[in-house]
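Here TrEMBL flags 41-294 as domain 'G-protein coupled receptors family 1 profile'. Residues or ranges marked as transmembrane segment by TrEMBL: 20-48, 60-87, 99-120, 140-164, 197-221, 242-260, 280-296.
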Amino acid sequence: MEYLNQTTPRRFILLGFSDVLHLQVIIFITFLTMYLMTISGNLLLIIIVRINPRLHSPMYFFLTSLSLTDIFFTSSIVPVILMNIFAKDRSISLLGCAVQMYLSLAMGVTECILLSFMAYDRYAAICRPLHYNTIMSKALCIYLVAGSWTVGFLNSFVQVFLAFQLPFCNCPNVNHYFCEVPAFIRMACRDTFVIELSIYIAGGIFALISFCLILISYVHIISNILKIISSEGRQKSFSTCVSHLTAVILYYGTIMFMYLRPQSKKYSHRPSKSDNIVPIFYTTVTPMLNPFIYSIRNKDVKNT
């Protein structure tokens, strides 16, 4: 503990952005636009669901929970990015870094679990329509959402606790634009086996297994869609499934790329460009797209 206190800085400097002015302007406008679209799109979906009684169903209960998660997820990261782009002092306090890491990781895991529940909800609605109300009861939906948030925060506490037990060689410079566990593993001075193992276990449970469950659900959904006599009905159902699967693959693919590959051995102290670009997709792009992808074809949503 004495060694840890001596090698843990009070502030970290985030080095994830270019110092070239015209690039800074482009980055600022891009992130600001995506952030505003994320907040407005997700808030609009929540409001629409609240004011339209026809949307008070399990599907939209999960969607509003996903929207809240996306708002907190992107808000834990993007405002700090926007402040740091033009700032001379890009430092963040130890507490601020820990809070950012904790919230972003918790929201990321929560979203993984919610997406798998949403896929199961669609499976129950399409493949078991007569038993849907019994299967997806109001109490079950509340328990599932509460459980996903609880698991997300508990897992995040473990990961952040382990990350800040490491002594940092490359401190206080973080070669990333926000505080994320892989970036801190690159800075570690000692063996990171324990935290890497915890990442692989958590990633295997919350990302890989959830992704496989979603694919299984959609296999059953698509097999039922093929039984639809109307070609127009099949086409509409397929286009909806493709949209959902595209969002799922984009989110899970980038998450697993960052968290389910070797960390300290494969990473050097100076990360590759992909290590800073890939997180943009699951922290900013996917939260922006979710409300549109999951609701744009619903007539009740558009009419409201």
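From the backbone N, Cα and C atoms, a Cβ is placed for every residue, glycine too.
Automated prediction, rather than curation, is the source of TrEMBL annotations.
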Next on the checklist: Let me spell it out: take the transmembrane segment (197-221), skip the flanking residues so only those 6+ beyond its ends count, and list any with a Cβ under 8 Å from a Cβ in it.
Outcome noted: 109, 112-113, 115-116, 119-120, 122-123, 126-127, 151, 155, 158-159, 162, 181, 241, 244-245, 248, 252, 255-256, 259-260, 263
Checklist entry - Do any residues of this chain, six or more beyond the ends of the transmembrane segment (280-296), have a C-beta under 8 angstroms from a C-beta of it, and if so which? => result 31, 34-35, 37-38, 41-42, 44-45, 48, 63, 66-67, 70-71, 73-74, 77-78, 104, 108, 118, 178, 243-244, 246-247, 250-251, 254-255, 258, 302
